[in-house]
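Residues or ranges marked as domain 'Shikimate dehydrogenase substrate binding N-terminal' by TrEMBL: 15-97. Residues annotated as shikimate binding site in TrEMBL: 23, 24, 25, 70, 95, 110, 229, 257. Look at TrEMBL and you will find 74 tagged as active site, proton acceptor. Residues or ranges marked as NADP(+) binding site in TrEMBL: 86, 135, 136, 137, 138, 139, 159, 160, 161, 162, 163, 164, 227, 250. What TrEMBL lists as domain 'Quinate/shikimate 5-dehydrogenase/glutamyl-tRNA reductase' is 125-198. Residues or ranges marked as domain 'SDH C-terminal' in TrEMBL: 250-280.
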Ligand code: ATR
């Protein structure tokens, strides 16, 4: 091996996105490979719209073992794969590709990654519980689906554009009772829910003073989770903590979507602690 630890046997991985410059995935996965002593590497690829089909063909040609797919390619990439996992099909997006000898299978690890991080980091399991999700965009889809599949007794989805909340609720209603609503209507279900998740971009850098919902009703039996991880602690989480609620930050979902991808590619348990350390170092 050379000074970077790479040689002709190195197993290649990567992430396709646009933009991709700020991705922490290479740092996270390369640390994980190193931690387990695997001869593998992971790089970021800036794939422009219109070039995704060729890029996916490149996975086969170059014999990459695995690729993550991020904004804006998670939907279109499904057209170029040989097989799509049932969960990814239900969510309608792929973020992880596994290459088995030229056969490409698409998975979605965002939702299951979220549920696993919620369990590991906040000790929260959604089975039998009512949950309130804020937002109905791309990030909300995987979270809503995974919480429904975990057995939530009700999934309430509030969104600025109510029709999108209703559509998302309808799309998961086969797995759990689900209801779309406006932010105002959440007043009626506040006292029933045990988890609130922010799936909107509200509170994200640079708009760090914004909160997606009034927090005056938060209490100490509630878990409040924010998918935003820049900043690591949002105003929503600070206000939740002040009310005694348990808080769960967005870094967890990023870490555990990566952990599942790593496990699909390598068949090894992901070294999550080392991955977290690498990502936190990169944020400093
Ligand atoms: P992502 O892939 O990150 O989920 P997205 O699909 O664009 O991004 O979804 C962004 C989510 O944040 C949506 O639910 C959006 O609400 P709308 O569907 O009404 O657009 C929500 N969102 C973004 N900015 C918002 C704001 N200022 N107030 C309330 N909701 C907002």
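Using the three backbone atoms N, Cα and C, a Cβ is placed for every residue, glycine included.
Known features from TrEMBL, placed on the structure.
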residue : record                 : DSSP class
23      : shikimate binding site : coil
70      : shikimate binding site : coil
86      : NADP(+) binding site   : helix
110     : shikimate binding site : helix
138     : NADP(+) binding site   : helix
161     : NADP(+) binding site   : coil
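Residues from the binding-site residues list (25, 136, 138, 227) with a C-beta closer than 6 Å to any atom of ligand 1: 136, 138.
In terms of DSSP secondary structure, the domain 'SDH C-terminal' (250-280) contains 25 helix, 0 strand, 6 coil. Within the same chain, the residues at least 6 positions away from residue 74 (active site, proton acceptor) whose Cβ sits under 8 Å from its Cβ are 93, 94, 95, 138, listed in sequence order. Ranked by Cα separation from residue 159 (NADP(+) binding site), the binding-site residues 23, 25, 70, 229, 257 are led by 229.
DSSP labels the residues of the domain 'Shikimate dehydrogenase substrate binding N-terminal' (15-97) in these numbers: 33 helix, 18 strand, 32 coil. All protein chains considered, the CB of residue 23 (shikimate binding site) has 17 other CB atoms within 10 Å. Sequence-ordered, the extra residues of this chain that approach the shikimate site, with Cβ no more than 8 Å from the Cβ center of 23, 24, 25, 70, 95, 110, 229, 257, are 15, 68, 254, 258.
Of the recorded residues, residue 163 (NADP(+) binding site) and residue 110 (shikimate binding site) place their C-alpha atoms 23 Å from one another. Set side by side, the binding-site residues 95, 161, 163 differ in how many other CB atoms lie within 10 angstroms of their CB, and the most is found at 95.
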